[in-house]
Amino acid sequence: MNAVDLIVEDDAWSSLAGKTRLVEEAISAACKELPDRTPGVVAILLGGDEGVASMNAQFRGKAGATNVLSFPAGEHADNHLGDIALAHGVIQREAEDRDIALADHLRHLIIHGFLHLQGFDHQQDDEAEVMEAIERRALARLGVADPYPNEDPGPGPHSE
């Protein structure tokens, strides 16, 4: 499994019990779906909308907060795979809008961010299908419902 460095920057996350375990289990589930993954330490920032909005503007040139940002460390990072930043307010609103638990939505977005650190993307439909299939399998390992219930699961790499 990849090691996790969890940083809780926003007090809004204090109401979520078992954060460390949740984060580690999400990364572990993703790792089980990626036998050829790149090892290394993943830093996960549980932040607020304002901080993530600032990063989104600075690094992507986009205004406003987004749910998750991934920052791959690159080739010369000595065991640091990259960083994942998550915005509490955005994630909370999305979970409420979708009528799902905050913890389950967070698990999904951690797995999603980790896949970006592993080189996966979803710019093209075929890439999105592969990425979503891995997300579905990793979440199923955690007992989390399919986050894409109205979409065809599409093909994906098999872990067994």
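Using N, Cα and C of the backbone, Cβ positions are placed for all residues, glycine too.
Features as listed in Swiss-Prot:
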- His112, His116, His122: Zn(2+) binding site (BINDING)
Using an 8 Å cut-off from the Cβ centroid of His112, His116, His122, can you name the remaining same-chain residues around the Zn(2+) site, in sequence order?
Val68, Ser70, Gly113, Leu115, Phe120, Asp121, Met131
Same-chain residues six or more away whose CB lies under 8 A from the CB of His122 (Zn(2+) binding site)?
Ala128, Met131, Glu132
What does DSSP assign His116 (Zn(2+) binding site), in three states?
helix
Quick one: among the binding-site residues His112, His116, which has the most Cβ atoms sitting within 10 Å of its own Cβ?
His112
Give the three-state DSSP assignment (helix, strand or coil) for His122 (Zn(2+) binding site).
coil
